[in-house]
Amino acid sequence: MAGGFGGGGGEAIAGRAEQYEGKITGYFILACIVGSFGGSLFGYDLGVSSGVTAMDDFLIKFFPEVYARKSAHLHETDYCKYDNQVLTLFTSSLYFAGLVSTFAASHLTRRRGRRATIMVGAVSFFLGGAVNAAAANVAMLIAGRLLLGVGIGFGNQAVPLYLSEIAPYNIRGAVNQLFQLTTCLGILVADVINYFTDKIHPWGWRLSLGLAMGPATAIFVGALFLPETPNSLVEMGRLEEARRVLEKVRGTRKVDAEFEDLKEASEAARAVRGTFRSLLAARNRPQLIIGALGIPAFQQLSGMNSILFYSPVIFQSLGFGNSAALYSSIITGSMLVVGALVSMVVVDRLGRRFLFIEAGIQMISSMVVVAVILALKFGHGEELSKGVGTVLVVAICLFVVAYGWSWGPLGWLVPSELFPLEMRSAGQSVVVCVNLFWTAAVAQCFLAAMCHLRWGVFILFAALIVVMSIFVILLLPETKQVPIEEIWMLFDKHWYWKRIVRKDPKYQGHHHHQMAAMPTAAAAAAKSGSSEV
């Protein structure tokens with residue numbers, strides 16, 4: 001499937017990759033567990049904020065007018081029940097804070113390493129959880145959310161990079177997806193906690209928000225024992241330490257080939273100045289368009305987060321009772337975890353493109369089913385029948401599970417693979433920034449859109465998924481089984497991108513330097529490959 005558009009597997013463009021050695025060590029497993037816990041912060045927060053905004057005690061204290069409107073229409077289906085801009089600001093303020101803080105995180109990631117960035121994020125998240133749990137007014141609530149946002153900005157900047165760099169290239173996809181798996185588990189845990197705290201009156205919501213301090217503490221303590229990634233140590237010029245960590249993580253002294261690749265990538269990185277500016281260079285155009293702008297924006301425009309944020313609210317608006325709404329979001333949370341597990345198992349076998357395209361078809365179908373049911377049955381002030389409600393929940397679950405094995409995890413994995421070392425932290429910042437910008441925009445607009453467009457909002461998302469799928473089919477080469485420092489070669493062979501990257505004078509020099517560094521057979525293979533369409 002990928003072959004026609006820019007190379008299937010890694011065999012045609014292998015550099016030193018076939019000489020890489022190593023096994024899965026305990027040290028590597030610890031690094032993965034602690035690193036991926038960063039995702040649980042993001043997930044817990046997504047899940048908790050969506051559940052808390054549907055809790056009566058929370059609404060009575062902070063948003064009495066929303067509570068009054070909800071109570072007046074308790075047994076009706078209504079698209080506009082929760083349309084309140086301050087309530088949505090409670091959700092989206094976090095993403096605006098994350099968006100700004102990711103640029104500070106980029107600087108820290110480059111200068112002090114991935115590990116330090118993860119630790120700063122954990123501290124900020126801990127403080128945010130504490131302020132939210134103690135909130136006495138809306139201003140305190142928003143202040144807590146801003147601190148959580150800074151934590152998420154730092155965590156989302158460093159964790160996907162950390163996991164991509166520490167992983168052996170042949171299982172990089174599965175390892176990087178630990179971030180998505182722990183995000184989904186965080187959402188599921190939050191949904192379960194909300195289900196029980198909803199029954200504790202009047203302060204159950206404080207417990208839900210305050211428990212965010214748990215994973216933050218675990219990450220901070222775990223990070224004290226984490227190694228820095230060899231890529232980052234090389235970037236900081238600490239070569240002996242980098243080699244020591246690489247040997248420890250790979251469990252072998254024979255790391256010469258991989259270490260040479262890291263050093264060369266680092267030298268190429270030092271030769272390039274002005275990191276954010278060099279993102280705009282022609283040789284980096286594919287990374288900019290696909291990795292930094294396209295995929296993170298599309299991940300949010302799929303409509304998934306709107307369903308996640310507001311699934312309790314959606315189910316309540318659809319006429320499900322209060323507990324039933326929280327219960328149904330536990331179901332959607334479970335679907336996400338299932339999707340993430342499926343993706344981990346198949347991503348390095350079936351490849352990134354296959355998952356994107358298959359899930360696109362499944363998600364479009366599900367959104368159309370939801371829209372049709374809502375158009376025919378919904379908004380007439382009566383409760384939905386059991387049968388119709390069941391079909392609706394099944395359609396939403398099929399949508400969520402498809403997102404769970406495609407745009408969810410791949411939205412973080414693919415951008416973290418695409419950038420060359422010299423701009424990996426800058427590129428990841430743009431990824432996080434674009435991602436959080438669209439997250440905030442969707443969070444801020446979704447309830448109003450649902451109120452005005454009604455069922456049409458789901459048709460809008462279906463249309464966007466069509467665009468996203470075409471984007472992937474035409475522009476994304478397959479990156480499975482390709483070492484992270486050799487991914488740039490894919491664009492040199494891609495039917496569309498090769499015309500753009502080869503125009504850049506610096507690309508030619510970089511290209512020949514890398515080719516010269518390769519073993520002869522591999523270089524010849526890469527050259528013969530680069531002449532193909």
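Yeah, the Cβs are placed from backbone N, Cα and C, and that goes for glycine too.
Unlike curated entries, TrEMBL annotations are predicted automatically.
The feature domain 'Major facilitator superfamily (MFS) profile' is assigned by TrEMBL to 31-480. Residues annotated as transmembrane segment in TrEMBL: 24-44, 86-105, 117-136, 203-226, 288-313, 325-347, 354-376, 388-408, 429-449, 455-476.
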The transmembrane segment (325-347) touching the transmembrane segment (117-136) per 3+ Cβ pairs under 8 Å rule:
no
Please indicate, using numbers and ranges, the residues of the same chain that are 6 or more beyond the transmembrane segment (325-347) and have a C-beta under 8 Å from a C-beta there.
47, 50-51, 54, 173-174, 177-178, 180-181, 183-185, 187-188, 190-192, 194-195, 198, 307-308, 311-313, 315-316, 355, 393, 396-397, 400-406, 408-410, 413, 480
Contact between the transmembrane segment (354-376) and the transmembrane segment (455-476) (3 or more Cβ pairs under 8 Å, separation 6+):
yes
Which residues of the chain, 6 or more past the ends of the transmembrane segment (455-476), have a CB below 8 A from one of its CBs?
5-6, 286, 289-290, 294, 298, 301-303, 306, 352-353, 356-357, 360-361, 363-364, 367-368, 370-372, 374-375, 378-379, 407, 414, 446, 449, 496-497
In the predicted model, what is the mean pLDDT computed over the domain 'Major facilitator superfamily (MFS) profile' (31-480)?
86
Under 8 Å for C-beta pairs, could you tell me which stretch among 24-44, 86-105, 203-226, 388-408 has the largest tally with the transmembrane segment (429-449)?
86-105
